[in-house]
Amino acid sequence: MALKLLLLLSLLLLFSTAAYSQRQPILSTSYYQKKCPRFEQIMQDTTTNKQITSPTTAAATLRLFFHDCFMGGCDASVLISSTPFNKAERDADINLSLPGDGFDVVVRAKTALELACPGIVSCADILAVAARNLVLMMGGPYYTVKLGRKDSLISKASYVEGNLPRPRMPMNQIVQIFTSRGFSIQEMVALSGAHTIGFSHCKEFSSILYNYSRNAQSDPAYNPRFAQALRNACADYNKNPTLSVFNDVMSPNKFDNIYYQNVQKGLGILSSDHALNSDPRTKGYVELYAKNQNAFFVAFARAMEKLSVYGVKTGRKGEIRRRCDAFNN
């Protein structure tokens with residue numbers, strides 16, 4: 001009887017382990033070692049050349065990666081172009097400002113990889129590795145990117161609203177977007193450090209820069225002289241919606257912890273930046289990362305590793321697209 005019970009338990013354990021392994025995506029750092037041995041070199045060459053030619057590429061790609069992953073997982077759904085029959089993610093209101101350099105670096109890498117190993121490398125893997133390479137190139141931390149993602153089979157603009165944080169959202173709502181995906185508040189603050197590179201359009205923070213209240217032209221969280229400089233820089237934003245300013249005015253072309261120091265001094269750009277420094281749930285992490293760049297880099301690297309495997313598609317749940325902007329026929 002005891003032997004039968006032991007055998008039964010062993011079988012149950014075996015089946016549950018098999019079921020668990022089927023649920024868990026099988027990703028690996030060596031996924032393309034045999035299938036596409038030049039993968040890493042092609043990715044390195046493409047990202048380096050693109051960043052040298054277009055210095056905004058790193059920030060553009062990092063933002064594109066984040067917008068892709070938070071909308072249903074890291075599956076390249078944001079890269080799909082709309083058709084007369086489907087309005088895709090990239091045409092959702094919040095994604096219209098995604099810079100073209102992020103899309104372009106993926107297309108360049110895909111073109112080179114299709115020549116080297118046709119039909120092998122997913123657009124989702126290309127975007128994930130491009131973001132990592134470019135963070136490193138800007139002086140940021142290295143982190144591991146496991147490979148083997150498939151590309152999504154669906155991309156709909158109507159699914160986007162409310163699933164990506166907006167600068168003017170209340171902190172409670174931003175926290176909820178992160179925590180509902182399994183990310184802690186500390187990870188949220190670390191990922192916000194991506195604002196150390198890149199820029200924001202004036203229209204994204206105009207509501208806290210002009211006519212803020214009866215008693216203040218701008219949000220009092222701004223350093224007054226900085227607010228005046230921003231008002232001057234953004235004066236024509238209504239006529240010119242492309243007007244933008246650097247997220248980190250002190251070291252805009254370097255991935256470092258200065259963003260957190262700026263936020264403490266009232267030199268943040270967005271209302272969400274100011275909120276990080278005022279909300280008791282996030283303020284302590286801002287203080288830690290402002291003082292200690294290594295602590296920020298360690299936290300950012302871990303959070304990016306976690307983000308890069310969020311909601312990935314494997315097996316029949318995805319495909320290897322021939323073109324990154326269109327589903328296979």
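Note: Cβ is positioned from N, Cα and C throughout, glycine not excepted.
Any TrEMBL annotation is an automated prediction that lacks curation.
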Whichever of Cys69, Cys74, Cys117 is disulfide-bonded to Cys36 when TrEMBL is consulted: Cys117
TrEMBL annotation, disulfide partner of Cys69 among Cys74, Cys123: Cys74
Rounded Cα-Cα span from Asp248 (Ca(2+) 2 binding site) to Gly73 (Ca(2+) 1 binding site), Å: 28
Additional residues around Ca(2+) 2, ordered along the sequence, whose Cβ is within 8 Å of the centroid of Thr196, Asp248, Asp256: Gly193, His195, Ile197, Asn247, Met250, Ser251, Pro252, Lys254, Phe255, Asn257, Ile258, Tyr259, Asn262
Cβ-centroid neighbours of Ca(2+) 1 site Asp68, Gly73, Asp75, Ser77, Glu89, 8 Å, sequence order: Cys69, Met71, Gly72, Cys74, Ala76, Val78, Ala124, Ser152, Ser155, Gly311
Subset of recorded positions (Cys117, Cys123, Pro165, Thr196, Cys234, Cys324) lying within 10 A of Asp68 (Ca(2+) 1 binding site), CA to CA, in sequence order: none
Local confidence of the domain 'Plant heme peroxidase family profile' (26-328) - pLDDT mean: 96
